[in-house]
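Engineer: Right, I'll just put the structure down here and ask away after.
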Amino acid sequence: MKQLYWYTCGEGDCDLVLLHGWGLNSGVWHCIIDRLAPHFRLHLVDLPGYGRSQDYGAMSLADMAERVAQQAPKQALWLGWSMGGLVASQIALSQPECVRGLITVSSSPCFTARDEWPGIKPEVLAGFQHQLSDDFHRTVERFLALQTLGTESSRQDARLLKSVVLQHQMPDVEVLTGGLAILRTADLRTALAGFTLPFMRVYGHLDSLVPRKVASLLDSAWPQTQSVVMQGAAHAPFISHPNDFAKLILNFAEENKK
């Protein structure tokens, strides 16, 4: 079986698995490792087809979650950013023995806008998918720029995201197209409604990809979960506001100690 790239570090007793988003790799977490490592045993994963886990083609959400869970510690906290939030959520649903708590960051159980549900317009995602075959690198850059739009450190944050992408071989177009298909089709709203493990949802007030209205809608639909909207942050709050973000994670872990 092909192994995913899985980097472990940290001095804490609590396992915390971090899953990156579309087009990126586990290097995106390096800006907060120093803040979290004294408190957790961190597991930084390159999702199938991304970063140093290149030997994979496009996968469905269920298959990706199953593959990631095969190398996972038992009873970890799972933190998933953007598309990684869908993967972490799917693992929590299908393999709860791996999970003691779930944190999603700038993520949505349904990324696509639907009737009475805010999200990315289907034609925008379809456009990105079409553009991948025309101008691969520029399409990825445009998507990264959207993630930092509106923050005080927007340009700096976008450069950091771009440097993370360029650290390693770019994912194949097939893998990126498969990821966009997950964002376009996944809908875990009903499945997560009955989720009973500790669950925190973190949003950026300025996020142009996951509207903050998602937070209030899910507060009503999922009253057993908690949400935080970070002021001044966009789609990557751990990059623009690393100290505040790390405190959120530490507080969540402390409140949900076993």
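Using the three backbone atoms N, Cα and C, a Cβ is placed for every residue, glycine included.
The active site, nucleophile annotation in Swiss-Prot covers Ser82 and is backed by sequence analysis. Here Swiss-Prot flags Asp207, His235 as active site, drawing on sequence analysis. Look at Swiss-Prot and you will find Trp22, Ser82, Met83, Phe143, Leu144, Ala145, Leu146, Gln147, His235 tagged as substrate binding site. Annotation source Swiss-Prot lists domain 'AB hydrolase-1' at 16-242.
Would you situate these features in the structure and describe their surroundings?
Structural biologist: Sequence-distant neighbours of Ser82 (active site, nucleophile): residues of the same chain at least 6 apart with a C-beta under 8 Å from its C-beta are His20, Gly21, Trp22, Val105, Ser106, Ser107, Gln147, Leu209, Val210, His235.
The number of other CB atoms found within 10 A of the CB of Asp207 (active site), across every protein chain shown, is 26.
A coil conformation is recorded for His235 (active site) in the three-state DSSP classification, outside any helix or strand.
Leu146 (substrate binding site): 18 other CB atoms within 10 A of its CB, across all protein chains. Leu146 (substrate binding site) falls within a helical segment according to DSSP.
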Engineer: If I take the alpha carbons of Asp207 (active site) and Leu144 (substrate binding site), what is the distance between them in whole Å?
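Structural biologist: About 12 Å separate the Cα atoms of these two residues.
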Engineer: I need the most crowded of these recorded positions: Trp22, Met83, Leu144, His235. Count other C-beta atoms within 10 angstroms of each C-beta and give me the top one.
Structural biologist: His235
Engineer: If you average per-residue pLDDT over the domain 'AB hydrolase-1' (16-242), what number do you get?
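Structural biologist: Taking every residue of the domain 'AB hydrolase-1' (16-242) together, the mean pLDDT is 93.
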